[in-house]
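Heads up, the thing below is written out as structure tokens.
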Amino acid sequence: MEQEAEFAIHEIKPPGTSTKIINNIITLATSRQGFVSVIPGLTFDHWKEKFDLNIESYSRVWMIDGAGIFAGALMCAIIPCCCSHLCFGVGAIFMSLFPCTANFVCFQISSFVSGFGKGMIIVCGLKLLHLWPESSASVVIQLFFISYSIGGMLAVQLSQYYLTSFISLENVGNTTFEDFIHSISFNDSSAHSRGASADGGTEVYFIQILIFIICCLSFVFMSFWSCFCNDSTKTENSCSESCLDSKKKQKESSGLSYEDFHRVNRSVELSLKRGETWSDQREVTNDAINGGEKTRRLSVKQWFSNNNILDAAVLMFLYVHFFFAFGLESILAKFLCHINTIFSTQKLQYTIDNYSVYSIFTCMFVVGRFLSISFLHAYASNAIIAVCLATNVVASAIISAYFDKSENMVLFCLAAFSAFLSPILPAGFSRVNSYLAKSFRSLGLAVCCAGIGYASFSWICGFILSRTTPFYLMFFITATCCLCTLMYVPLLVRVKRHRDSYRNANVIATTNSRSIVTYV
């Protein structure tokens, strides 16, 4: 009886209702990331005038932002799991420092600090998602990824209301906001004396203050979660009579001896100390007891120690889903306004304003992400990703060919490109999580890759736009999409062929050998 009681000590329960409610609020609070991502693109003209920037200098600011994301994710990858809620709150505070833009140097520093906070929030937020049981995963993932898109869509509407309403109050007649912006000579030293910088900056700072408020609210939500987290941890580690009965039944049904069953239970305890979540441990325990019938996810150390086709597969997954997708999403959010302004100076004078272009981009982004996450439960994520990559190749190629010929065609392809770009990132998390354990180390690796992609694409975008036309930028995007498709699809076929051999060689623990695979 004492031995059986020892089995029940490490029984793990799913999070309580209070923890779920607070996590739900935190997940909704991720919309501020989309808000912060879109605002700089809409206020590009203000920054261009205030700091006398060209497009290449502007792109370097977001290179620094990407470096901050890399640094924040790297820090989260090396900290203990128990500090996740603390890092989430610290990241929210760091993101609130973005309004500190007294000069260009301060603008760059605040950009790095804001990116550092975003990197911490992304890693910690993804880790917190896995506190939920698998039955709730669909709702939580939808809230996490879709709220980011909704935040970007709200940023467009709020910016349009406040900035355009300010212009109308300054008695500029019937002149539109775009005409007013283009009437300002940014190279003219007297531009500041015309009131555009001072008053327009006031409205931009109002948006920044709104960002500050959102970040502060996120920190308050995080503080509440910290309290509930401590309570739920005590509840999860408590041992009740029902836990003992459940453990006894599980041992009897498994057919394992006391020594083997104790090894399984001990592996769960050690994994908990290394920061694994309840859902991870439930899967590991069930797989080990049932003879390893399922493929268990590997830690980063185990992944690198297996020299097989899976290494190339996961590297490609990381590149496509994080480096490529996150970087492309970020540069479109930052530079779409500038690209549309350049389009309006071509032979075909575009009549659509920047806010309408951003509205189309963000709305289709929300629609595409919602539909893709819904379809992930019915269709394989690999098929969805392959279709999205192929569609992005076609859409970007059409934009490159018709950007100076047909406005309607460009807008239609932009909507399609946005709708099929948005599913790649959530599908990537679904795909990579099937191979890597959901730990701070693996999530930090993925987000570090995203930060590098963000910085790289920002530099490339600024370099191309400062020297050539958007045609070459779209050509670069088309070539990148085509390369990802050509590398991704054949790799999926090869991974599928080697899946059975991989399971037999690396992660299958049979009841005959009594081998238990644990996380390192």
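Glycine is no exception: its Cβ is also placed from the backbone N, Cα and C atoms.
Database features (TrEMBL):
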TRANSMEM  69-95  transmembrane segment
TRANSMEM  107-129  transmembrane segment
TRANSMEM  141-163  transmembrane segment
TRANSMEM  205-228  transmembrane segment
TRANSMEM  309-335  transmembrane segment
TRANSMEM  355-376  transmembrane segment
TRANSMEM  383-403  transmembrane segment
TRANSMEM  409-430  transmembrane segment
TRANSMEM  442-465  transmembrane segment
TRANSMEM  471-493  transmembrane segment
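By the Cβ criterion (distance under 8 Å, sequence gap of 6 or more), the transmembrane segment (107-129) is counted as touching the transmembrane segment (442-465), at least 3 such pairs being found. Of the ranges 355-376, 383-403, 442-465, the one with the most Cβ pairs under 8 Å to the transmembrane segment (409-430) is 355-376. For the transmembrane segment (383-403), the list of distant contacts is 320-321, 343, 346, 372, 375-376, 409-410, 413-414, 416-417, 420-421, 423-424, 427-428, 431, 470-471, 474-475, 477-478, 481-482, 484-485, 488-489, 492: same-chain residues at least six beyond its ends, Cβ to Cβ under 8 Å.
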